[in-house]
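Asks: First the structure, which I've put down as structure tokens, then a few questions once you've had a look.
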Amino acid sequence: MIKKIGVLTSGGDAPGMNAAIRGVVRTALGAGLEVYGIYDGYLGLYEGRIKQLDRSSVSDVINRGGTFLGSARFPEFKEVAVREKAIENLKAHGIDALVVIGGDGSYMGAKKLTEMGYPCIGLPGTIDNDIAGTDYTIGYLTALNTVIESIDRLRDTSSSHQRISIVEIMGRHCGDLTLMSAIAGGCEYIITPETGLDKEKLIGNIQDGISKGKKHAIIALTELMMDANELAKEIEAGTGRETRATVLGHIQRGGRPTAFDRVLASRMGNYAVHLLMEGHGGRCVGIVKEQLVHHDIIDAIENMKRPVRNDLFKVAEELF
């Protein structure tokens, strides 16, 4: 019987994490459970920075970006002795189960705790939308709006100066954020891990556009694929048109979550508590075709793959 639940946020922050925490806290308290917030992710869990939360702890947080519990990178959590200490801290507070909000690295920590017999539920909180078993992650659509606003502003200045602009977008090894941003932002070209890059073809396409009277272009590029500034130099040399790179960086993680992300996070937080009360542990939550689902967290990490949105890549190709 679950009586006390812990909740933490880990890895890169994402808009909507506070709404997810609120969903966990309010649902658990309403069911007569105690809730404990763990500050600064797995690092705080290891160091024992754990505090009991009440309803007022999550008042006025649903509209705030970031995470009031804080987050931290803590690669040392891979070590067995570190996790054993973390579990000791949980048991010292009488915490029976843990809700972890974060990306794939956070899921890996939850997986390790699960393998050590400690029940965890993972909620997908990352702007990268790179978690298997869910159509959307918490924060993804808010970040999408942030990127689109930036692209709109870049288009204003690019058209004024007849300039080619490269905009580097987060996502790591997943091109979802870049793909959707490129379609919604009306970008002329897209470079993601799924599409790869043929530089000669790209420069040729830009030259063809210039010959037809096109005065500017926006290129959407997923981070980590290449150096955006070096690519800008190559394009400028190949086309004779001024080319500049803009790295959006961490601005994509900030800002008030959209209504969609607030509702999604609230639903997932609520669902996580109900799963724990029903005796489920070692699960991760997702939303598929607007329905909440849960998967084995080990299977999700080791075996499940995110589908490539070939339908949207086809749309993008035909629109560009």
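Here the Cβ of each residue, glycine as well, is placed from N, Cα and C on the backbone.
Okay, these came from Swiss-Prot:
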- GLY12, ARG73, PHE74, GLY103, ASP104, GLY105, SER106: ATP binding site (BINDING)
- ARG22, GLY23, VAL24, VAL25, ARG26, ARG155, GLY186, CYS187, GLU188, LYS212, LYS214, LYS215, HIS216: ADP binding site (BINDING)
- ASP104: Mg(2+) binding site (BINDING)
- THR126, ILE127, ASP128, ARG163, MET170, GLY171, ARG172, GLU223, ARG244, HIS250, ILE251, GLN252, ARG253: substrate binding site (BINDING)
- ASP128: active site, proton acceptor (ACT_SITE)
Asks: Within a 10 Å radius around the Cβ, which one of these binding-site residues has the most neighbouring Cβ atoms: ASP104, ASP128, GLU188?
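Replies: Counting every other Cβ within 10 Å of each candidate, the maximum falls on ASP128.
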Asks: Identify, in sequence order, the residues in the chain of ARG26 (ADP binding site) that are 6 or more apart from it along the sequence and have a CB within less than 8 Å of its CB; answer 'none' if there are none.
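Replies: Those within reach of ARG26 (ADP binding site), by Cβ under 8 Å and sequence separation of 6 or more, are ARG55, VAL58, ASN270.
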Asks: Given the binding-site residues ARG73, GLY103, GLU188, HIS216, which one's Cα is the least distant from that of ARG244 (substrate binding site)?
Replies: HIS216
Asks: Are there any residues in the same chain, six or more apart in sequence, whose C-beta is under 8 angstroms from the C-beta of ARG253 (substrate binding site), and if so which?
Replies: GLY12, ASP13, ALA14, PRO15, GLY65, GLY66, ILE127, GLY139, ALA143, MET170
Asks: Take the C-alpha atoms of THR126 (substrate binding site) and PHE74 (ATP binding site) and report the distance between them in angstrom, rounded.
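Replies: About 17 Å separates the two Cα atoms.
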Asks: Let me know how many other Cβ atoms fall within 10 Å of the Cβ of THR126 (substrate binding site).
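Replies: The Cβ of THR126 (substrate binding site) has 29 Cβ neighbours within 10 Å.
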Asks: What is the one among the binding-site residues VAL24, MET170, ILE251 whose Cβ has the most other Cβ atoms less than or equal to 10 Å away?
Replies: VAL24
Asks: So which other residues, same chain and not among GLY12, ARG73, PHE74, GLY103, ASP104, GLY105, SER106, have a Cβ within 8 Å of the centroid of the Cβ atoms at the ATP site?
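Replies: These residues sit around the ATP site: SER10, GLY11, GLY41, GLY102, MET108, GLY109.
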Asks: Could you tell me which of these binding-site residues, GLY12, GLY103, GLY105, GLY186, has the fewest other Cβ atoms within 10 Å of its Cβ?
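Replies: Output over binding-site residues GLY12, GLY103, GLY105, GLY186: least Cβ neighbours within 10 Å is GLY186.
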